[in-house]
Ligand SMILES: Cc1cc2nc3c(=O)[nH]c(=O)nc-3n(C[C@H](O)[C@H](O)[C@H](O)COP(=O)(O)OP(=O)(O)OC[C@H]3O[C@@H](n4cnc5c(N)ncnc54)[C@H](O)[C@@H]3O)c2cc1C
């Protein structure tokens, strides 16, 4: 085990950071507030090979792993450009297709996911199931040519920019009639697919949608992987999602901490800069420690995942996502406090980070569900629900 980052990864960190800084938070925030998108940055990052670093070289990717993609997510976020679709498109969707897809599915989807010209959304959350994804009711029925998919999803990010969406549905077991999870690639322009923007109180260029699937006719090859192993396949995709959600949160936390630190070093209202007062210095130091701890856990989760240990990665990815969400909330709140009145101005762009940080405590899995996971699986405590 080494804590020394390879030269290749340090270089990746640097070039991605440079790209993020070229756009910066002012640009990102302007896109968010004007209802714009981050397409320009997304496509440039794709062209430079950053979006597909984790995908197989054979299909246009960089041949790396989640450790590399998490560097991309973290550095873009730290530079002020946290790209939510990185949590979804190359990570969950790219991983599931490259691990479990047919060669044809890989040929069709991976090159576009790698160079950013194709974005794929991911839909698991349902209005009546929420955190209880065992309760989902979106169902695929067999037809002569493939499948008919019907159901409803909520809070699906990026459907407006996505060419397709990876939908978690259920199929009926031919023998027992019981419903079991299955993954389908659904083009967003297929007949029967409709989506409607949810007005979120969130300052972000990535928008959320309610998705309606009404008797959507899909070919047989829309199913990804095996119908009988979908749960294992789903977990394989959810670990990268949690690792990337951690990178997203850690990026935001770093950006907020950097802004706060720079400000308190300069601002002087008594004899010394305000950063000399422990009332400000200690919370910032505490955040720095918590940030490094969250980052370490994210790196552990990515290393385990890349080494093929899905179970070990599951525990670490949950813990990393918890720690990253908590520190993102604390860092953005303390950044606002450190800047005083300026913390609430548009010019300094700090208060606008709070809602994005807050969302990382809820999505893609809430802090309570992670605590449930750790209580039951790491500590062996009984389940209450
Ligand atoms: C910005 C954003 C983007 C999103 N993008 C996507 C996306 O792209 N695709 C997608 O599928 N989903 C997406 N989601 C949905 C997200 O994954 C869900 O919001 C999340 O899983 C929680 O589900 P819920 O909102 O239904 O809350 P609920 O399940 O209703 O939970 C509400 C509260 O109750 C708590 N709770 C529930 N059950 C328990 C329990 N057993 N023990 C203790 N506490 C409990 C929860 O932790 C939470 O605090 C997104 C959400 C947001 C906010």
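Yeah, the Cβs are placed from backbone N, Cα and C, and that goes for glycine too.
Taking DSSP states H, G and I as helix and E and B as strand, the domain 'Acyl-CoA dehydrogenase/oxidase N-terminal' (6-116) has 82 helix, 0 strand, 29 coil. The domain 'Acyl-CoA dehydrogenase/oxidase N-terminal' feature in TrEMBL is assigned to 6-116.
The domain 'Acyl-CoA oxidase/dehydrogenase middle' annotation in TrEMBL covers 121-201.
Predicted-model confidence for the domain 'Acyl-CoA dehydrogenase/oxidase C-terminal' (237-377) is 97, expressed as mean pLDDT. What TrEMBL records for 237-377 is domain 'Acyl-CoA dehydrogenase/oxidase C-terminal'.
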